[in-house]
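Remarks on the structure that follows.
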Amino acid sequence: MDAYVALEGGHVVEARGRAPGTANGELVFTTAYTGYEESLTDPSYEEQILTFAYPLIGNYGVRSERFESDRVHPRAAVTREMTDDVAEWLAEEDVPAVDHIDTRDLVTDIREEGAMACGIAVGDDVTPEDALAELEDCVPMSDHTDIGAQVSVAEPVVHNAESDGSTVALVDCGAKRSIVDSLVERGATVHVLPYDATADDVAEIDPELLFISNGPGDPENFDAAVDLVDTYVGEVPIAGICLGQQIVARALGGTTEKMDFGHRGVNQPVRDYDTGKVVMTTQNHGYTVADAPEALEVSQVNVNDGTPEGLDSEDLDIITRQYHPEANPGPHDSLSFFDDVLGLTGSKRTIVAD
Ligand SMILES: NC(=O)CC[C@H](N)C(=O)O
């Protein structure tokens, strides 16, 4: 199979085809050396093309127990060397894949030039022009204005309904399965709601915690979730992970901005101001909170670049994190986040119904 990868600016790189098809998307990377099944099924990669910096992808097979959702989300996968297991899985999923590319070089380019548009063509008769035609069709991430609809549940789903633990309303903007699992393991009943759930939908559940999930794209394209946080702030404790932190920040008057190439790996150091400790975290985001809202304290920062990694308010019962405490892939240093947010659930005040 022939394969061509066209990069922003028009440079085309030849590769080996591993799964056929054509695709375009924002080219991003992960430096993680494990967790390819988790990353490839993480809904946060919707509309992106994922390059793996680690040179061998697939060396421990493909097992659905490790999937973070029910499908592959990146539009295409780019690797140095991919095993047949992974190539066959991606072919079944209709996701084009290539290998025999110097991905460390590619990652260096992304770090120097920023996340970039990319077009890929893989198949028996494809040409460099096919990859360039895909590149031409690639739109900026912020133009995917209803990306939430591509990754969210269409109807509410309840997990662990019989439990007498805390009741959580999880707004699914592209939630990873491990977030639901981490809450259920701690006894919570989790009501997964569509990304555009209304205040009334939440009121019907009468939750003790409103949780905004991770997800793909630009946080400015998630106004429904911003409205929900705005409605319930101060009434119900609120938690957020990654996109969730960005949405909570926007709802309270903060701003977000696009980073050059984001935080993309499983060894991102985060300092907690309170304890002074640094933990290693999993990260996969291209936007960041630029101005934190006054009502929230920046409780944790990224050691590399000082961007906010945690926003908290004791008065409002809010805890959000820019990284992924649920890990998968990555270190388990921050799993106690789930104990902390469920610890807020005693502090529900009243439920607002419109
Ligand atoms: N993992 C995530 O939730 C990513 C959040 C957001 N889409 C970003 O890229 O910044």
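Yeah, the Cβs are placed from backbone N, Cα and C, and that goes for glycine too.
Here is what TrEMBL says about this protein:
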{"type": "DOMAIN", "residues": "1-121", "note": "domain 'Carbamoyl-phosphate synthase small subunit N-terminal'"}
{"type": "REGION", "residues": "1-166", "note": "region 'CPSase'"}
{"type": "BINDING", "residues": "Ser44, Gly215, Gly217, Leu243, Gln246, Asn284, Gly286, Tyr287", "note": "L-glutamine binding site"}
{"type": "ACT_SITE", "residues": "Cys242", "note": "active site, nucleophile"}
{"type": "ACT_SITE", "residues": "His324", "note": "active site"}
{"type": "ACT_SITE", "residues": "Glu326", "note": "active site"}
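In this structure the C-alpha atoms belonging to Gln246 (L-glutamine binding site) and His324 (active site) are separated by 13 Å. The Cβ centroid of Ser44, Gly215, Gly217, Leu243, Gln246, Asn284, Gly286, Tyr287 marks the L-glutamine site; residues of that chain outside this set whose Cβ lies within 8 Å of it are Asn214, Pro216, Asp218, Pro219, Cys242, His285, given in sequence order. Max Cα-Cα distance over the annotated L-glutamine binders (Ser44, Gly215, Gly217, Leu243, Gln246, Asn284, Gly286, Tyr287) is 13 Å. Filtering Ser44, Asn284, His324, Glu326 by Cβ distance to ligand 1 (under 6 A) retains the following recorded positions: Ser44, Asn284. The candidate set comprises the binding-site residues Ser44, Gln246, Asn284. Of these, Gln246 has the most other Cβ atoms within 10 Å. Neighbour density around each Cβ, counted as other Cβ atoms within 10 Å, peaks among the binding-site residues Gly215, Gly217, Gly286 at Gly215.
Note: the CA-CA distance between Gly215 (L-glutamine binding site) and Glu326 (active site) rounds to 14 Å.
Shown in sequence order, Lys176, Ser178, Ile179, Asp181, Ser182, Ile241, Leu335, Phe338 are the residues of the chain, 6+ apart in sequence, with a C-beta less than 8 angstroms from the C-beta of Glu326 (active site). Tyr287 (L-glutamine binding site) and Cys242 (active site, nucleophile) have their C-alpha atoms 9 Å apart, to the nearest angstrom. Long-range Cβ contacts of Leu243 (L-glutamine binding site) within its own chain (separation 6+, distance under 8 Å): Ser44, Cys173, Gly174, Ile212, Ser213, Asn214, Gly215, Pro216, Gly217, Pro219, Phe222, His285.
In the three-state DSSP assignment, the secondary structure recorded for Tyr287 (L-glutamine binding site) is strand. Of all the recorded positions listed here (Cys242, Tyr287), it is Tyr287 whose C-beta has the fewest other C-beta atoms within 10 angstroms.
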